Amino acid sequence: MKTLLLTLVVVTIVCLDLGYSLTCLNCPEQYCKRIHTCRNGENVCFKRFYEGKLLCKQFRRGCAATCPEAKSREIVQCCSTDECNH
């Protein structure tokens, strides 16, 4: 009986994803390769871009607790899986 209980405890611990943290791309460039581990409570990756001067697109990527609101002339895309904000 003790063996069965111990086996169930081990299986439960292995199956639970304890301490999981989302990873998002985090950089201001269009072609981003920098991976960042999000803090506890940041469950969303975002990509924000807008047209700057001379029609140059400016990018920002990172982690957030909720999807940021788009400001004037901005597009914001959000997702919730690892490195999904490419």
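Each Cβ is built from the backbone N, Cα and C atoms, and glycine gets one as well.
Feature list (source: Swiss-Prot):
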- 1-21: signal peptide (SIGNAL)
- Cys24-Cys45: disulfide bond (DISULFID)
- Cys27-Cys32: disulfide bond (DISULFID)
- Cys38-Cys63: disulfide bond (DISULFID)
- Cys67-Cys78: disulfide bond (DISULFID)
- Cys79-Cys84: disulfide bond (DISULFID)
Cα-nearest neighbour of Cys79 (disulfide bond) within the listed disulfide-bonded residues, Cys27, Cys32, Cys38, Cys63: Cys63
Cys67 (disulfide bond) versus Cys84 (disulfide bond) - Cα distance in angstrom: 13
Of the disulfide-bonded residues listed as Cys45, Cys67, Cys78, the one whose CA lies nearest the CA of Cys32 (disulfide bond): Cys45
Which listed residue (Cys24, Cys38, Cys67, Cys79, Cys84) has most other Cβ within 10 Å, given these are disulfide-bonded residues: Cys24
CB contacts for Cys63 (disulfide bond) [other CB atoms within 10 A, all chains]: 21
Site with most surrounding Cβ atoms, counting all protein chains shown within 10 Å, from the disulfide-bonded residues Cys32, Cys45: Cys45
Residue from Cys27, Cys45, Cys78 whose C-alpha is spatially nearest that of Cys63 (disulfide bond), among the disulfide-bonded residues: Cys45
Spatial neighbour of Cys24 (disulfide bond) that is closest, considering only the disulfide-bonded residues Cys38, Cys67, Cys78 and their CA atoms: Cys38
Cys67 (disulfide bond) - helix vs strand vs coil (DSSP): coil
Length of the line joining the Cα atoms of Cys38 (disulfide bond) and Cys45 (disulfide bond), in Å: 9
Cα distance (Å, whole number) from Cys45 (disulfide bond) to Cys78 (disulfide bond): 6
